[in-house]
Each structure stands twice: as C-alpha cells, then as structure tokens.
Amino acid sequence: MAGRTSRLEGRWGDLKVRVTSAVVLAVAAIAALVAGVEWWTAFSAIAAGLMVWELCVMSAPNRVRPRQVLPVAAAAALALPWPVFLVIGAGVGFNAERHKVAMGVYAAAILVGAAALVELRFEGVGWLLWIILVVIATDVAGYFAGRFFGGPKFWPSISPSKTWSGTVAGWVAAAVVGVIFALILEVGMGLILVSILASLAGQMGDIAESWLKRRFGLKDSSNLIPGHGGVLDRFDALTFAALTVAILSWAGWMPGPF
C-alpha cells in the first residue's frame, strides 16, 4: 500500500503546483483579454520579451548585455512591421554561443506567433479563446493521458516524457474544442482540422524547445513559473499554434473572417 502511494505521489505530486501556477496565469491572461486590445498586446509583448530573454540566457549565459537589450527590443517589435522580427531573431542567433541558426529561427518564430496572438484579438475574443483553449485542452489531455496510460514514447531522444497516448489525446481534445467553436463562431467544421493542426504545431513547438534545452543541458528554460519552468516552457505551444494559424491565414485556408 505504501509503495503504491509513493508511486502515485511520484506521478501526481507536481499537480498541485502546476495547477496553482496555471490558475494564476489564466487569471492574468483573461484579465488582459477582456480589458481590451491594448492590454492584450502588452501581455503578449511582455511574454515575448521574457521568452527572448530566456533564449538569450539559455544560449549565451555569459553575455549579459545582449540579454538586457534583445528582450526589450523583442517586446517593442510587436508594435513594428513583422520583418523586424527577423532582425531580432538574427540578433538572438548571432548572440548565441552555439546553434546560432536554430536559436535565431526559433526566436523569430516566437515573435511571429506572439504577433499572431495580437492579430487574433483584433478578430474578436472568440477567436483568441479558441486558440488558447485548443492549446490548453491539448496540454491537459496529453498530461493526464500520458500519466494514466503511459505507453510508447513520442520522441524519446528529444522529449522522454511525451507519449503517443498523450499526443493523440491532445489531438482528440483539440478536435472537440474545434467542434464547439465551429458552432459558436458559425464558420463550418473545417475548424476541426485547423484545431488539430494547431494542436500538432503546439506540440512541435514544445518538442523544438526540448531539443534546444537538451543541446544546452537544461531541464527548464528558467524557473520563473513554479511547476512549469519558464515562460518558454509554458507559452511555446501557444505561440507555435498561433504561428500556424497565421500561416494558414496567409495561405487563405482559415475558415471565418481571415
């Protein structure tokens, strides 16, 4: 009995901290969301700046000045034309001690994703809630299914904790969110496929971050968020999901007013 209790604590012991941090983040995000476009833009800019700061610390821990300048530039870049993101990404890559191209591309992708989140807010609260809930549903379903069912690993060489059961559960949960919002937003069931693609993109964003962290010998991008690690650890999936929506929108494949 004691052994079983110990195993359960090992599997679920971090749940309380994770949930508490998630609730605090959710309250802050919802407050910014309902307060208006300006507040949501500020929230997204702060998150983008912190993510770039974490990338700078991760890739060049001994270079202090760039990690003071680049995050501020990244946050300010959300108010500038999108090509500026490439300049910031190049700065992060140039500053990195290793894997310069990967770091630069990842930084630019984060900024485009953050800008896409701002654009979604302009399209209406419903669209932003949709992409946020797709990512949350993917994360929650993946977490519980992975812990409960276990099974084969999705990509063990990069992210040993991710399982196929959790990954597929995330797609199913995203599809359910897609059905609900297709009805709410009256845009057709094509949103289901887009939701699954956004879910997969979020998972790939998480995988990409895991790859970078392993290359630099890190478990978390920082310790800013108890139970979750850093801002990158928490928002990488959302920014990559939003990046995918932006790409689909540019290609003319998004349902709705895009």
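Glycine too: its Cβ is placed from the backbone N, Cα and C atoms.
If you look up TrEMBL, you'll see 15-33, 69-95, 101-120, 127-149, 169-194, 235-253 marked as transmembrane segment.
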Sequence-remote partners of the transmembrane segment (235-253) [C-beta within less than 8 Å, at least six residues beyond its ends]: 47-48, 51, 109-110, 112-117, 119-120, 131-132, 134-135, 138-139, 194, 197-199, 201-206, 208-209
Tertiary contacts of the transmembrane segment (101-120), as residues 6+ beyond its ends and Cβ separation under 8 Å: 37, 40-41, 44-45, 47-48, 51-52, 55, 59, 74, 77-78, 82, 85-86, 88-94, 127-128, 131, 205, 208-209, 211-212, 215, 232, 236, 238-243, 245-246
